[in-house]
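Colleague: Please find one structure pasted underneath; my questions will follow.
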Amino acid sequence: MTASSSFLILFLLPLLASIAHGWNSSPTFYDFSCPKVHDIVQKAMADAISKEPRMGASILRMFFHDCFVNGCDASLLLDDTPAFTGEKSASPNLSVRGFELIDSIKSQLEEECKATVSCADILALAARDSVVLLGGPSWMVYLGRQDSRTVIPQQISSLPPPTADLTTLVTMFAAKNLTAQDMTALSGAHTIGLGRCANFRDHIYSDTDIDPSFASLRRLSCPLSGDDGNLAPIDDQSENSFDNNYFKNLLAKHSLFHSDQELFNGGSQDSLVLQYSNAPQQVFFNDFAIAMVKMGNLVPLDGTSTEIRLNCRSGLNARDMTVLSGAHTIGQARCTLFRSRIFNEANVNASFAALRKRTCPASGGDGNLAPLDVRSPDRFDNAYYQDLVARQGLLHSDQELFNGGSQDAQVRQYSTDSAQFARDFAAAMVKMGNISPLTGTSGEIRLNCRKIN
């Protein structure tokens with residue numbers, strides 16, 4: 001395949017996918033709404049990989065596991081709740097890692113451009129940047145994905161297990177409209193990262209298509225029983241470098257997983273493995289980039305409810321943000337938080353600004369207080385939204401909800417329908433209350449809320 005034909009395929013595939021599935025994909029999707037998205041994601045990945053190169057492989061694996069279950073919709077990122085069982089707790093995903101890094105990137109982007117960049121797009125960009133930072137190829141990431149609001153548990157079985165044979169692998173990839181060549185190229189992602197003993201124990205103890213000295217080496221850290229979590233490099237030549245050594249390992253019968261060695265075991269993919277191993281590395285790189293674009297265009301099933309999440313772990317979205325902001329119908333704010341708004345901004349009612357300037361001078365009086373809701377500051381109602389419609393939001397961030405943007409219609413609705421606001425607020429509070437902490441196994445029941453036991 002020529003360089004020009006490779007480029008044409010990379011360009012056309014996302015366009016065809018967007019036409020077929022109705023999502024507005026473009027590499028420039030955020031150029032105006034969030035122009036710094038590429039820089040923010042790339043810097044975060046560079047920082048993480050400089051501290052721990054393995055993180056690049058972890059994020060790439062996360063992207064693969066997300067896309068193979070109902071498309072690239074960030075459903076894998078959702079935490080379990082008392083009323084919702086997500087994908088994280090499924091057996092193939094128990095060792096997926098890097099969620100905190102995606103959380104960090106999402107937080108930075110929410111600061112930069114609120115409720116704009118989907119978690120699914122963050123993961124797609126992070127996966128691409130991971131490969132590039134570890135020496136691999138780049139590709140054009142088409143953006144505009146949305147985040148699924150649910151999961152389809154039965155689709156978790158579509159993830160290829162490390163024990164799969166070649167026929168099973170080809171069938172599972174074909175179900176995602178990926179060819180056998182795509183499958184072999186994508187398997188080259190195993191040139192980076194580590195594998196768990198539990199996933200390669202059978203291969204090193206029971207299989208015959210493995211170099212005996214390699215099996216003996218791996219048995220040193222992976223006993224016949226126990227130590228399931230012990231790790232070994234998937235590519236024993238260059239685990240932190242994205243290259244074609246993975247395929248050279250297959251020729252030498254040095255693959256860590258049974259499913260990997262199936263690609264070079266007297267079957268249909270032998271010739272392609274030989275090509276990737278012996279030809280210039282760019283041959284593998286070109287095919288890998290094309291396959292990543294195809295996989296990245298897997299979309300949720302028609303009818304799947306989607307949104308732009310505010311928190312990648314929970315179903316909080318822009319609508320939840322607007323209704324939760326209604327908590328500002330009670331309480332007060334300090335002068336230092338609203339001074340710039342009443343003195344410098346144009347989208348503020350002039351008489352309201354003049355009123356607030358009486359207690360919040362241009363300098364000094366930082367601790368002076370004013371009610372967030374000018375109409376009924378001590379009653380929880382929908383008057384906050386009436387304030388916004390009248391350009392009487394006390395804080396800049398509040399008035400942004402009604403400033404010619406995507407939330408204007410919702411603000412107008414709540415300003416006239418207190419019952420709807422009350423119902424939506426209660427539902428959003430339940431969702432927010434189900435956000436899980438990042439404590440891992442370190443949580444406790446404190447005896448004193450101010451101190452760790």
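Cβ atoms here come from the backbone N, Cα and C positions, even for glycine.
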Colleague: Of the candidates Cys119, Cys222, which does TrEMBL name as forming a disulfide with Cys197?
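Modeller: Disulfide pairing in TrEMBL: Cys197 with Cys222.
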Colleague: Cys119 pairs with which of Cys312, Cys335, Cys360, Cys449 in a disulfide, per TrEMBL?
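Modeller: Partner cysteine, according to TrEMBL: Cys312.
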Colleague: Could you pull the disulfide partner of Cys34 out of Cys67, Cys72, Cys113, going by TrEMBL?
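Modeller: When TrEMBL is consulted, Cys34 turns out to be bridged to Cys113.
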Colleague: Of the candidates Cys72, Cys335, which does TrEMBL name as forming a disulfide with Cys67?
Modeller: Cys72
Colleague: Hey, how far is Cys222 (disulfide bond) from His65 (active site, proton acceptor), Cα to Cα, in Å?
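Modeller: Cα to Cα, Cys222 (disulfide bond) and His65 (active site, proton acceptor) are separated by 25 Å.
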Colleague: Please identify, among the recorded positions His65, Pro160, His190, the one with the smallest Cα-Cα distance to Cys113 (disulfide bond).
Modeller: His65
Colleague: Filter the recorded positions Arg61, His65, Cys67, Pro160, Cys197 down to the ones within 10 angstroms of His190 (heme b binding site), Cα to Cα, kept in sequence order.
Modeller: Arg61
Colleague: Counting Cβ neighbours within 10 Å across all chains shown, tell me which of the disulfide-bonded residues Cys34, Cys72, Cys119, Cys197, Cys222 comes out on top.
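Modeller: Per the Cβ count, the most surrounded site is Cys119.
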Colleague: Mind checking which of Cys67, Cys113, Cys312 has the fewest other CB atoms within 10 A of its CB? They're the disulfide-bonded residues.
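Modeller: Sparsest of the disulfide-bonded residues Cys67, Cys113, Cys312 by Cβ contacts within 10 Å: Cys113.
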